[in-house]
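Data first, discussion second: the structure below is written as structure tokens.
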Amino acid sequence: KDFSLSNEKDAHASDSDENSERGNWSNKGDYLLSMVGYAVGLGNVWRFPYLTYQNGGGAFLIPYTLMLAFAGLPLFFMECSLGQFASLGPISVWRILPLFQGVGITMVIISTFVAIYYNVIIAYALYYLFASFQKVLPWSDCFSWADEFCSKTRLVSDCNTTLGGDIIHANYSFITSNNLTCMNGTMNYKPVQFPSEQYWNKVALQRSSGLDETGNIVWYLALCLLLSWMIVGAALFKGIKSSGKVVYFTALFPYVILIILLVRGATLEGALDGIEYYIGRQSNITKLMEAEVWKDAATQIFYSLSVAWGGLVALSSYNKFHNNCYSDAILVCVTNCATSIFAGFAIFSILGHMAFVSERPVSEVVDSGFDLAFVAYPEALSKLPVSPLWSFLFFFMLLLLGLDSQFATIETLTTTIQDIYPKVMKKLRIPITLGVCILLFLLGLTCVTQAGIYWVNLIDHFCAGWGILIAAVLEIIGIIYIYGGNRFIEDIEMMIGKKSRLFWLWWRLCWFFITPVLLMAILVWSLVTFSPPTYGSVLYPAWGTAVGWCMIIFCVIWIPIIAIVKIVKAEGSLCQRIVSCCRPAANWGPYLECHRGERYSHVIDPKKEKEHEIATVSGFVY
């Protein structure tokens, strides 16, 4: 009888792959664009430009670049190297340090939470994309859905004026009816909302008064959410073999749109004012003396590069063993940061024009996050000639930026399943991928109710914050201080070749000292400055904040649980058990035997181990 394992290939794998079991990227371009698409996301467009403006303009690029060098790039290179060396996903890769396997589980759970709400944001972009197919943009004016507070311009409520030689204070209706004029600097304005703001809240979201008022499922957002999951499922039906081709469009075309928006924005009146607010004469070098600026720079770099989410490990695990992950890490990180800076010019040039048209200072039209993407920028686009075209391009760009990040997030989950159940994934990759998408779609329906935006904000506030920081801190401590930074460097050299001590000086400095200290500082700062979640002026109920804490606890509780389980299962005294769990597992090392060399010649081959088990059970002697 033949007791060998099935030779059936996964959809991931092809005959030309180095790793015929797990598969490899078809070519390096697939990998690099997938990494760029994963790292470059919505935050590059809707958060970085605002942070730059808020933190001293061009001066902010100094701490931003330093944080890239000291925190972002070292972690990015570490995770790329880790995944490529072992050819394993974010959970199984912790054979390197079994005691910390819970860190990998935390990463995967957080990625699951993020995948749920991130696709809801993509659904918002889809909704606005479809809404742009109209001759007149529906948020360009106060239409039937608007209330009495809706106005395209600021409305003066009262001011000072001169009457009979005396200065009086009067309401604006009295002043206009008597052909008087307001004195400069004395005008008070009515609290009005622009059409785009009311459209976002009243039409797109049908937003309720708070988390307590769930309301109904907004059917058109639910359909957009379904469509976004269908797109993700279709792109991933063959894993990296299909998603690696899709990203040639989803990762590159946003740059085409950014260039188009920048060229159009730069030709508009007031564009220069917007760009000056972003990075010009408003630059304030004294801002660098404020700790908050450095914290914002470190946090933005950290989240922008998507480190500690598990995705970098998962995507890199499909590389060929001798791929130059060092140059890849530098290229992707620099591309990501350059994209953020470039996007700022495209955003602020058009916001500057909006300020010019509405006769307001740029500071009053600048915003970040949802308010920038779905209120301020759509408002600015509605004032341009052929506004539906520019609106379509902008939301199509948001859609693409979101999709390729989502592809990598879901690939992280399916890679985890593949590592745990490889034989099942070989036979049922498509059903399992579709099942993951369907399950996450159903879980995301809560986020497309009338209270959905509050849930999206709550998950983002808790799960995408401390959980990732905790995972990153433990990751670098575990690999550098317990597994051994010098041993890890030797592992990397097995892939990219021997390097000089001078080459590794910078990386040792960062991995052993600077990066852990920075991560700990960000984590402590985040905890000390914690404030309950809010959405605009809406406060969350106490139970909502409690749910947020429960989510983050659920994400990180696996770290101590798995550590305890590993210690209990180990043999010997307590100290011996802990020491045993801090050593690499017997099957840790390069995935393929041909890459192990003398350093890992002792590694147990999982395939041969399984064959031996089957033969032994059947009474055969190998």
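One is the number of the first residue shown, and numbering goes on along the chain from there.
Cβ from N, Cα, C; glycine included.
Remark: S304 (Na(+) 1 binding site) has A39, G41, G43, N44, F48, G72, N336, C337, S340 as non-local neighbours, by Cβ distance under 8 Å and separation of at least 6 in sequence. The Na(+) 1 binding site annotation in TrEMBL covers G37, A39, V40, S304, N336, L401, D404, S405.
Here TrEMBL flags N44 as Na(+) 2 binding site. Note on N44 (Na(+) 2 binding site): other Cβ atoms within 10 Å of its Cβ, all shown chains, come to 24.
Look at TrEMBL and you will find 1-21 tagged as compositional bias 'Basic and acidic residues'.
In sequence order, C150, S151, K152, P195, Q198 constitute the residues six or more apart from C142 (disulfide bond) in its chain with CB-CB distances below 8 Å. Annotated disulfide bond per TrEMBL: C142-C150, in sequence order.
According to TrEMBL, the region 'Disordered' annotation covers 1-23.
Here the transmembrane segment (31-48) has Cβ contacts under 8 Å with residues 25, 121, 240, 243-244, 247-248, 250-252, 254, 300, 303-306, 311-312, 315-316, 318-319, 323, 328, 331-333, 335-336, 339-341, 343-344, 347, 368-370, 372-373, 397-398, 401-402, 404-405, 407-409 of the same chain, all six or more residues outside its ends. Per TrEMBL, the feature transmembrane segment maps to 31-48 (among others).
Look at TrEMBL and you will find 60-78 (among others) tagged as transmembrane segment. Within its own chain, the transmembrane segment (60-78) is flanked in space by residues 51-52, 279, 287-288, 293-294, 296-298, 300-302, 304-305, 307-308, 312, 325-326, 329-330, 332-333, 337, 341, 472, 475-476, 479, 488, 507, 510-511, 514-515, 518-519, which lie at least six positions past its ends and keep a Cβ under 8 Å from the stretch.
Residues or ranges marked as transmembrane segment in TrEMBL: 99-130 (among others).
Sequence annotations record features per position, and here TrEMBL assigns transmembrane segment to 217-237 (among others). Under 8 Å from some Cβ of the transmembrane segment (217-237) lie the Cβ atoms of residues 11, 119-120, 122-124, 126-127, 130, 204-206, 243, 246, 403, 406-407, 410-411, 414, 429-430, 433-434, 437-438, 440-441, 444-445, 447-450, 452, all in the same chain and six or more residues away from its ends.
Summarising the annotation, TrEMBL assigns transmembrane segment to 246-263 (among others).
Marked as transmembrane segment by TrEMBL: 297-318 (among others).
Under 8 Å from some Cβ of the transmembrane segment (330-356) lie the Cβ atoms of residues 32, 35-36, 39-40, 44-45, 48-49, 52-53, 61, 64-65, 68, 72-73, 76-77, 255, 258-259, 261-262, 264-266, 268-279, 300-301, 304-305, 362, 364-366, 372, 376-377, 379-381, 383-384, all in the same chain and six or more residues away from its ends. What TrEMBL lists as transmembrane segment is 330-356 (among others).
Marked as transmembrane segment by TrEMBL: 389-410 (among others). With a cut-off of 8 Å between Cβ atoms, the residues of this chain six or more beyond the transmembrane segment (389-410) that come close are 34-35, 37-38, 40-42, 44-45, 111, 114-115, 118-119, 121-122, 125-126, 128-129, 132-133, 137, 228, 231-232, 235-236, 243, 246-247, 249-251, 253-254, 257-258, 260-261, 264, 306, 309, 311, 314-315, 373, 377-378, 381-382, 433, 436-437, 440.
Annotation comment: TrEMBL describes 430-453 (among others) as transmembrane segment.
Annotation source TrEMBL lists transmembrane segment at 465-484 (among others).
Residues annotated as transmembrane segment in TrEMBL: 505-526 (among others).
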For the transmembrane segment (505-526), distant same-chain residues with Cβ under 8 A (at least six beyond the ends):
67, 70-71, 73-75, 77-78, 291, 295, 298-299, 302, 465-466, 469-470, 472-473, 476-477, 480-481, 485, 489
Long-range neighbours only, meaning 6 or more apart in sequence with Cβ under 8 Å: which ones does L401 (Na(+) 1 binding site) have?
V40, G41, L42, N44, V45, P254
Leading stretch by Cβ pairs under 8 Å, where the reference is the transmembrane segment (465-484) and the options are 99-130, 246-263, 430-453, 546-568
99-130
For the Na(+) 1 site given as G37, A39, V40, S304, N336, L401, D404, S405, which other residues of the same chain have their Cβ within 8 Å of the site's Cβ centre?
V36, Y38, G41, N44, A251, S306, T339
Report, as a single number, how many Cβ atoms besides its own are within 10 Å of the Cβ of G37 (Na(+) 1 binding site).
28
Can you tell me how many other Cβ atoms are located within 10 Å of the Cβ belonging to C150 (disulfide bond)?
18
